[in-house]
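Copied over from TrEMBL, here are the features:
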- D:CYS86: active site, nucleophile (ACT_SITE)
- D:HIS195: active site (ACT_SITE)
- D:GLU197: active site (ACT_SITE)
Amino acid sequence: MRREPTEQEIRDQRMYVKFGLTDDEYARICTRLGRLPNYTETGVFSVMWSEHCSYKSSRKHLRRFPTQGTHVLQGPGENAGIIDIGDNLAVSFKMESHNHPTAVEPYQGAATGVGGIIRDVFTMGARPIALLNSLRFGTLDQARTRYLFSHAVEGIAFYGNCIGIPTVGGEVVFDARYAENPLVNAMCIGLMTHDQIATGHASGVGNPVLVVGAKTGRDGIHGATFASAQDPNEKERSAVQVGDPFMEKLLLEACLELIATGRVVGIQDMGAAGLTSSSAEMASRAGSGLTLDVSRVPCRETGMSPYEIMLSESQERMLVVMKEGESAIAEEIFAKWGLEATVIGRVTDDGSLRITEGERVAAELPIAALVDEAPVLDRPAVRPAYLDQLNVAPVRLSTQGDLTGDLLALVAEPTIASKEWVYRQYDTMVRTETLVRPGADAAVIGIPDSQKAIATSADGNGKYVYLNPRQGGAMAVAEAARNIVCTGARPLAVTDCLNYGNPEKPEIFYQFRESIDGMSEACEKLGTPVISGNVSFYNETGGQDIYPTPIIGMVGLLEQAERLVTSAFKRGEGAVYLLAPKGQAIRDGLGGSAYLAMKRPDEALSYQLPAFDLDAEKAVQDACLALAEAGVLAAAHDISDGGLAVALAESCVQGSVGLAVAVTIAPDDEQEVLLFGESPSRILVQVRAGQEKRLKELASSFLVSFLPLGAVAETDRFHITLNEKTAIDAEVSALRDAWRGAIASWMN
Amino acid sequence: MNFIASIRVTLKESVLDPQGSAVVHALHSLSFTSVSDVRIGKYMEVSFHADDEQTARAQVSRMCDQLLTNPVIETYSFTLAEVRE
Amino acid sequence: MNFIASIRVTLKESVLDPQGSAVVHALHSLSFTSVSDVRIGKYMEVSFHADDEQTARAQVSRMCDQLLTNPVIETYSFTLAEVRE
Amino acid sequence: MNCAVLQFPGSNCDQDAVKAVAGTLSLKADLVWHETADLNAYDLIIVPGGFSYGDYLRAGAIARFSKAMQATVAAAERGAYVLGICNGFQILTEAGLLPGALRRNDHRQFRCDMVELEVVNGATDFTRAYEKARVTIPIAHGEGNYYVDDEMLKRLEENQQIVFRYASEQSPNGSVANIAGVINERGNVLGMMPHPERAVSERLGSTDGISLFRSILTSWRDGHAS
Ligand SMILES: Nc1ncnc2c1ncn2[C@@H]1O[C@H](COP(=O)(O)OP(=O)(O)O)[C@@H](O)[C@H]1O
Ligand SMILES: [Mg+2]
């Protein structure tokens with residue numbers, strides 16, 4: 001066995017720097033302990049005080065999120081949040097990033113991201129019922145991007161499909177900004193009854209502490225530190241883990257069975273920083289202490305040191321505290337599933353984390369120092385200069401455009417094109433409760449033996465946040481909620497995954513801080529508290545940072561599943577309307593739009609976003625929801641990337657119907673804004689046959705406008721007339737082929 | 001000259017091999033109880049043309065490094081055989 | 001005696017190997033244009049104990065026939081090495 | 001009719017099968033753990049979809065040796081109905097209850113989709129209730145590429161053992177002769193890659209799986225009428 005460096009060597013050779021600790025932090029640790037930390041202790045501190053575990057850059061700002069609500073059963077701070085959906089039922093959900101591992105080993109990196117988020121949810125006592133993922137990659141003309149993208153998707157599919165949880169939604173954006181720093185954010189939703197709620201508390205002096213699940217190996221040591229390192233390619237390569245969804249499936253069943261016995265005191269998944277963070281956090285929440293003997297931890301490899309065992313990030317493991325004398329129940333249940341459950345220590349009341357190897361004390365650290373006293377930084381934020389150089393957005397790009405050609409090209413832009421190439425690799429139907437599969441605004445999942453269903457969506461637009469951090473943050477929340485109301489569901493709560501560049505740059509930190517304020521305001525206004533989330537910084541390579549990319553995962557509730565509305569236009573139903581803020585169906589130019597990026601790539605980041613108003617957004621969403629609940633809607637579809645024309649095309653393609661739209665606008669030269677502008681807060685609706693009168697009655701009670709657009713047709717023609725002149729005339733089948741085939745044509 | 005490279009790709013020692021563990025269990029339950037370990041990897045036969053053996057070797061290494069394996073979690077070894085028509 | 005069997009499992013000649021053709025394409029696009037064919041199979045290393053080499057050989061064959069390969073579509077070959085501590 | 005749904009470590013469509021049996025036949029199917037060696041009480045054994053033993057090595061390769069599968073082989077010999085769905089089909093071929101093997105999909109990806117099937121043989125005990133020749137039933141698999149050699153294919157055709165084919169010209173996985181499901185010679189063991197248990201209500205997008213479950217019940221009743 002290699003000799004571990006001594007306390008003095010660590011200090012004299014500044015070895016702690018390699019662990020990711022600064023001189024300052026190391027000095028603080030020495031002062032706090034009143035002595036020099038040994039090798040294991042230095043390792044434990046370094047992961048607990050890493051950005052990934054301590055949230056040292058973000059903690060202060062995350063407090064501004066609204067987290068309260070009458071339906072919130074568990075807010076941020078646990079493995080996942082929980083909301084009440086009535087009838088003694090609750091849903092638990094959370095989103096998490098696995099960006100850095102994916103950049104190095106896309107298949108396993110993405111797969112283990114899914115595995116981690118599933119564990120977060122079932123530790124709460126919930127049975128996972130749905131997965132979503134939000135992805136960002138470079139552009140598909142790069143072979144490296146195609147490699148990362150295809151392997152990440154395959155890894156996500158591998159894990160979710162094998163474990164038997166349907167992957168029902170997500171989003172994918174391709175932009176050169178993400179070429180070196182792809183983003184993989186995975187979200188999991190679980191279902192439970194109120195009495196099944198479990199938490200990560202290590203309480204009750206003398207209670208046994210168990211490691212359950214997979215054996216511990218040397219994989220992923222220092223993964224947490226690595227997640228915070230600036231150059232993922234330079235970091236320790238051993239930090240990549242391999243996922244075993246089969247093991248996780250067994251672990252899931254065993255844990256739920258164990259929690260159902262009522263003998264579990266606390267349970268927590270071992271994610272980043274493995275045994276170290278799970279034990280410290282569980283003790284911290286309960287205000288207790290722990291003593292753990294690492295020689296009892298079942299290991300996959302021989303000769304593992306306490307340091308390695310404490311820092312291993314081997315997957316598919318949990319830490320469980322049982323009631324005193326009840327550990328045999330855990331052993332029995334786990335044995336049935338072919339798994340190990342091993343007592344490795346006890347709960348104490350001395351507030352310290354004591355790690356022994358047999359009799360020898362390997363580390364002894366105050367839990368408060370590891371968790372509560374972790375550094376909280378007040379990073380400087382400076383408004384980036386580019387924000388003040390943005391111009392007022394143009395309303396027109398071409399003097400004599402071929403708008404039909406533009407639409408066909410736009411629907412074939414990979415970011416806008418159908419993501420079928422992705423989600424047909426996911427088992428979207430297992431559990432036989434998926435009522436709306438991927439391809440619509442939000443997925444809808446039925447609640448077994450109930451009239452209820454939940455709707456869910458993951459959304460974010462980094463370019464918007466880049467162009468206007470505060471407004472962009474609010475718009476991400478608004479879009480997620482709009483996707484939910486388009487199904488007829490009422491938005492309930494939010495999980496977030498905040499992906500940013502290097503927080504040490506004041507301009508990046510400004511983006512972070514401002515966008516949090518924007519998201520907070522929107523969550524407040526829309527009544528959707530944040531119940532869980534995750535932060536990923538240092539998405540930066542060679543000085544280039546990603547767009548600030550907060551992703552919002554939202555869950556909403558449909559009381560009557562049969563009332564659900566889909567985005568496909570339907571034959572034999574009524575007219576199509578544009579639901580928009582009063583007097584503002586069209587406004588503010590092409591800033592931030594996919595159309596601008598396609599036509600004038602060099603100017604894509606030169607213009608301001610269209611204005612956004614939260615009150616107007618709320619009015620539009622309330623109107624949509626009221627119409628859905630009144631049974632007036634045959635279809636509803638949110639207008640987002642690509643604007644009105646793309647949204648109309650999508651609803652036609654999904655319903656296999658034609659369309660004849662005729663609109664009068666003034667002034668005449670705002671055609672492109674009307675067709676392709678990305679003004680927020682707009683929803684396309686198709687009214688049910690014979691319900692137009694009801695629509696008008698209801699509409700007048702909301703402060704919104706209903707602009708009649710036209711009617712669905714039995715033909716293959718997609719026809720838009722503006723001011724009595726044909727603006728777009730395409731075959732629906734041509735739009736469909738362009739939209740559906742685009743990503744596949746890059747990938748084959 | 002025509003060559004066939006026989007390439008064996010395995011997971012690095014320290015990397016978890018879930019397939020291998022599952023197969024060990026299955027072999028035990030089939031009463032092959034003397035089996036202590038199984039590692040499962042990929043086997044590839046690549047037929048190609050190169051001017052001489054040295055170039056051939058270098059090419060196979062490059063194929064492995066660039067495409068056929070991921071050095072983050074896998075290692076490989078290969079043998080080379082000349083094929084005469 | 002301790003042995004390691006190195007087992008190569010490949011699809012039968014008559015069974016199409018779509019993975020192999022995909023890898024050929026990928027290699028071509030990485031400008032390894034001299035590659036004419038790739039076959040992809042599995043490689044397994046089984047560590048086990050047996051009294052002598054002959055028994056060891058027989059055991060490996062049985063493991064392959066019973067579990068490690070599917071005779072409908074696959075064939076295998078193996079080499080055996082004795083391991084001394 | 002007593003109905004069992006086998007449960008292996010890694011099964012994940014087991015509950016869906018139980019739900020489908022309840023929904024289409026109003027029968028309560030028993031979940032049977034893989035360590036059960038006695039299946040004498042059952043008239044229908046469903047080997048469900050999922051990833052038994054992680055599908056490591058080859059799909060279905062390890063599950064075939066379980067006690068429950070050995071009991072299933074015995075049950076098939078005594079004439080009980082055996083229905084293998086997806087991973088269940090893979091297990092049945094590995095166990096030798098059905099001919100052929102299921103390879104990795106030719107496009108090498110997992111594929112989940114609604115697909116159209118041709119009911120090639122509507123006269124089996126599993127398909128007699130079908131009134132139409134084309135049905136829509138979802139698939140979800142990475143290894144559904146059915147293989148038999150030419151000789152076996154001829155035999156399957158002659159014996160009318162091909163029960164379902166993918167209806168589109170291009171199969172979703174590369175299967176020989178577009179085969180989606182086959183039955184044994186005796187006619188009591190059916191394996192199919194598509195998931196009939198996912199096509200049992202309008203809210204799931206198809207009801208074309210119902211007739212399959214109904215056929216089995218009707219056949220069983222006929223067999224027990226005398
Ligand atoms: N990575 C993914 N995984 C699963 N489904 C996806 C993924 N990306 C996109 N989808 C699905 O494709 C549809 C369209 O996505 P998107 O273009 O983001 O829609 P919107 O603009 O309405 O949010 C949605 O149903 C979404 O769930
Ligand atoms: Mg949408």
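Using N, Cα and C of the backbone, Cβ positions are placed for all residues, glycine too.
Keep in mind that what you see is a predicted model, and the values were worked out from it rather than measured.
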Neighbourhood of D:CYS86 (active site, nucleophile), C-beta criterion under 8 angstroms, separation at least six: D:CYS13, D:PRO48, D:GLY49, D:GLY50, D:ILE139, D:ALA140, D:HIS141, D:GLY144, D:MET192, D:MET193, D:PRO194, D:HIS195
Around the Cβ of D:HIS195 (active site), the count of other Cβ atoms that are within 10 Å: 27
Collapsed DSSP category at D:GLU197 (active site): helix
Neighbour tally for D:GLU197 (active site), based on other Cβ positions within 10 Å of its Cβ: 31
